[in-house]
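Per TrEMBL, the feature region 'Disordered' maps to 1-36, 58-103. Taken from TrEMBL, the feature compositional bias 'Pro residues' covers 14-28. According to TrEMBL, the feature compositional bias 'Basic residues' maps to 80-90. If you look up TrEMBL, you'll see 102-183, 312-415 marked as domain 'Ig-like'.
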């Protein structure tokens, strides 16, 4: 087959300028599918992701708040509300409440037979005649025990301090030994010591003795002063823990009830008058019953006191303020006070530096000032015999009690 001869179109003509643009026939527009094929796929992809996100939020129950601005770092994210919510108060455990109070450590142990030890109870009942041995842990221990044992320096009692503990031993015990036995640690700085409140121990021991329901008294009659500004105690203490004790007035004969308001009974102290007044005065006694037996205590005279507590109320008086040579002179210092408060006197006189011999005598007595009111009058008198020139001058008296001291003075001149 012969090849076609070359045509004019196949020849390479000389280059010509492009023909001018002419408006051609309008092209038919493309369809929407053709025009937005790629963008539509993106929209569907985004819609799908949103639907998946909302589905996940429905499953977890977390819905983002609408129309909320983003939170700044550190901003409070608690949603304010007006809903009233009852506050929940956390329950305190017993041990927490116990920890809020200062802890005290009991350091006392009771030595039993065969070297056994036990912590003593708050009260112990022992038979009279038994030996009591108590130990308190510590290198410096202080002790307190019934005053009866200390007053008479009883050889039946001994206290020994060891390196790691202190030991108190009481042999041949009697009903009179009934009372409180206590110990405490001491915090010392040099020779000055103070009580360590965190390390203490105590027990009250009843020594039961046949025929003795009451703790024996050194006398058959005792005086109890009723002071309006402090408690008064009728010391009817028993030796049997289970004893029933009542208080009685001798005249008119009747039982005085311990109502818990004016009068209470404390087995460690006796009958306590909480607010004494003049109607309480008179003679009283106690009655105890235990194990089918009964016993009456000693009698107590209740005296009402009208003198208030405080430093001594003191006066001074000379037998004469002008004395001739060779005469005698007396200077009297007087104090009116409470019946049970002792007073001490001190004197300063002109001839003291020259060791001038004088006589000083102190006395006291109880006086009744009507309606059963009782006062103690304490007096000190200084006597100068054969008055001389050196005896003229100031005579100064100082009276002192537990509440303070008062100083008074007078002059004696040479005439």
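Residue 1 is the first one shown; counting continues down the chain.
Using the three backbone atoms N, Cα and C, a Cβ is placed for every residue, glycine included.
Mean pLDDT for the domain 'Ig-like' (312-415) in the predicted structure: 89.
Residue counts for the domain 'Ig-like' (312-415) under DSSP (helix as H, G, I; strand as E, B; rest coil) come to 6 helix, 64 strand, 34 coil. Secondary structure counts, DSSP: the domain 'Ig-like' (102-183) has 11 helix, 39 strand, 32 coil.
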